[in-house]
Every structure is written in structure tokens, then in C-alpha cells.
Amino acid sequence: MRQQILAALATVDDPELGIDIVSLGLVRRLDIEDRTVHVELMMTTPTCPLGGLIGENARAAVESAAGAGWTVTVAIDKSAVWSPELADPAVRSRFERQPSRFEAAVSKFAAGLFGR
């Protein structure tokens, strides 16, 4: 059941980033007990204006996967601090800082100047 729930949550995207909440590392906890599923999420920023929408989409996805007779709750931990290290490695690179064109030009110039 856990894998089914995680697969359902992986269909829920952060609308601003277009990346699913599982790959982003936004699922903090997933508890399954006595026909009850509790999901605790975090957002990429504590004041995420789309947190409610993401939570509702997550609840709907889990309810669909769990089926009739299951109770589903989704909570958002607004005190949790997200960082790119929580994301899957394939996603993490999207958040790495890329050098500006100026920095790249200076690096290229310095490499030529110092023979590196």
C-alpha cells in the first residue's frame, strides 16, 4: 500500500515548478495504519501561496489510490525548512546556481591568462 500511495503522490505537481512533490522531497511523513493514511507535507517556502492547493491535490490522489473505506488526512508543516538536498538527485540539479555570463567570461579569461 505504501508504494501505491507514493505513486499517487508522485502524480501531484508543485504548480510553480512543474515537478512532482515526491521528487521534490516535499513528503515529510507517510503513516498508514488501521485503514487511515496520514501524509505530512512541507512546501518549498513556508509561505507558499499554493500550499492549500497542493495539499488538496495530494489528498485527492491518495483517496483515489487508497479506495473506499480509507480515511485520508494531509497536513502541511509550515515550520519545516525545505532545501534542494531533499529532492531526488535528478531534480536537484535544477536548483543549483549556474554562473552568470560575466562570471563565466572572467573564469575563461583567467584560465587563458594563467594557462589553465
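Any Cβ shown, glycine's included, is placed from N, Cα and C.
Listed features, source TrEMBL:
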- 2-67: domain 'MIP18 family-like' (DOMAIN)
(message) From the DSSP assignment alone, can you count helix, strand and coil residues within the domain 'MIP18 family-like' (2-67)?
(response) 24 helix, 17 strand, 25 coil
(message) For the domain 'MIP18 family-like' (2-67), what's the mean pLDDT in this predicted model?
(response) 96
